[in-house]
Amino acid sequence: MSTSFTMIGGEGPNSYREHSKYQGALVIAAKEKINEAISTKLDIDFTSNLVNIADFGCSSGPNTFTAVQTLIDAVENKYKKESNIEGIEFQVFFNDSSNNDFNTLFKTLPPARLYFASGVPGSFFGRVLPKNSLHVGVSSYSLHFVSKVPKEIKDRDSLVWNKDIHCSGSSKEVVKLYLGQYKIDVGSFLTARAQELVSGGLLLLLGSCRPTGVQMFETVEGMMIDFIGSSLNEIANQGLIDQQKLDTFKLPIYAPNVDELKQIIEDNKCFTIEAFEKISHAKGEYPLDPEYLTSAFKVTVGGSVASLFGQDGMEKTYELVKEKTQEMLPQIAKAKPGMQYLIVLRRN
């Protein structure tokens, strides 16, 4: 991944581990549909007692443990119904970028787990496992990243220089460039997974996208990132961070709408879409709590802010973000909801 983007690691109060319950709740909400998909759509040769499972974009836990255990339980149930093989063993590959906090991940592995665990550092936009070695893959809240921000967007002298720190949707030219990069990257992700999966293997994607017609700046996520951008501008104006650095600081994030995401998968032709389900999130939309919202976006974006502007710059930024969130709660309450999804893909 040319643009590294990792969550804040560790087990402290500002870590992703402590502020990822919202993401983890989607796996729980989708559990019944995941079980159904594994039971009816997984079509692999049950002649071996070894099943390989991988989580692409695992972060530092604990959600990845919930996701892989859900898959293991579902596959085990299918084995019991369709095979006489006993003593099934599971190998789980935890993949994320090399900057991910694998130490925390492995330190907090469930002690009673009944699987072998391996860490696989590397960009999931390319192949990270041998060909035809994987039976079931999962990726949760990871397919909104791009491998790099289009260079024109970061160039202050470019006609399409983006004044925002992300693709807010306010400029059609910026959206076009981000979407172009997103198509390339998701296509690469899918092609790599298709090479790794055995014939009839499944890839399950969970995450959030925009309903058709909804722009990023109309969503809670878009509003919060806009608050981060405006807060950075304020402290740059105070001379606390470098303005030139800020002008080129763009997040490698693109939130697709549902039609864009479906079209990219269909155009890739490596998979059959077995299910494209809207999931009712157990926690609904984000809570209207400034402390919660600020912390949630600090653990996801704060690491990138700190890497460029220092820890002090990051802390000052998020003090302002919290103030803006409190002030703008009435507008946040009117934000348009996103769509939480489960996509089940079978390798062709």
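Backbone N, Cα and C define each Cβ position, glycine as well.
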Of the candidates N162, N257, N268, which does Swiss-Prot annotate as part of the Mg(2+) site that also includes D247, F249?
N162
Determine, to the nearest whole angstrom, how far the Cα atom of F249 (Mg(2+) binding site) is from the Cα atom of C58 (S-adenosyl-L-methionine binding site).
25
Cβ-Cβ distance under 8 Å to C58 (S-adenosyl-L-methionine binding site), same chain, at least six residues away:
T64, F94, N95, D96, N100, L105
Residues with Cβ closer than 8 Å to the Cβ of Y141 (S-adenosyl-L-methionine binding site), same chain and 6+ apart in sequence?
Q23, L26, G57, L206, G207, S208
Between the binding-site residues S123, F125, L143, F145, which lies closest to N162 (Mg(2+) binding site), Cα to Cα?
F145
